[in-house]
Each structure stands twice: as structure tokens, then as C-alpha cells.
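Feature annotations, reproduced from Swiss-Prot:
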DISULFID  C29-C53  disulfide bond
DISULFID  C30-C69  disulfide bond
SIGNAL    1-19  signal peptide
Amino acid sequence: MKGLAAALLVLCTVALCSCAQVGTKKEFCCLVYTSRQIPQKFIVDYSETSPQCTKPGVILLSKKRRQICADPNKKWVQKYISDLKLNA
């Protein structure tokens, strides 16, 4: 049951967030942020969006290699980034 709930959460999150590619490099912009906090155990890496984007964002990478756009001003996003930097 927990596995099904986690999978459903990830699928809903992916459906709620969008990324748009900018230019010829693999730079993405977040058009919409995820509305829910993703469990930290699913996040393995992150990247910041390009300064050319109209909206700042953090792209979280899940264990299943899914990209999730998150608001860089949210406390939980800042904590995940800090923890990922410490464990790098």
C-alpha cells in the first residue's frame, strides 16, 4: 500500500510540474513548481535553472531519473539542497 501511495505521489507530482528547454544546451526552466513536498529519500540530485528563465527554480532529480521543478524559496527545498551538498 505504501509503495502504491509513493508511486501515485510521484506520478501526480510529475503531472503537476513542467520544464521547458531553453536554447540548444540542456538548460531547463520551471514553468510550474510542485505543489507538494517530495520525500527526501526519493531525491538524489538537483540543479538550478538558467538565469535566462523568467522564473527561478530548482530541478530535483528523483531516483527514477524524473525531473521535478521546485520553488527555491521553500524551506524544504533549501534543506534538500544543503543536505545534497554535504553528501557530495
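Using the three backbone atoms N, Cα and C, a Cβ is placed for every residue, glycine included.
Local packing around the disulfide-bonded residues C30, C53 was summarised as the count of other Cβ atoms within 10 Å of each Cβ; on this measure the leading residue is C30.
The number of other CB atoms found within 10 A of the CB of C69 (disulfide bond), across every protein chain shown, is 24. Summarising the environment of C29 (disulfide bond), the number of other Cβ atoms within 10 Å of its Cβ, over all protein chains shown, is 19.
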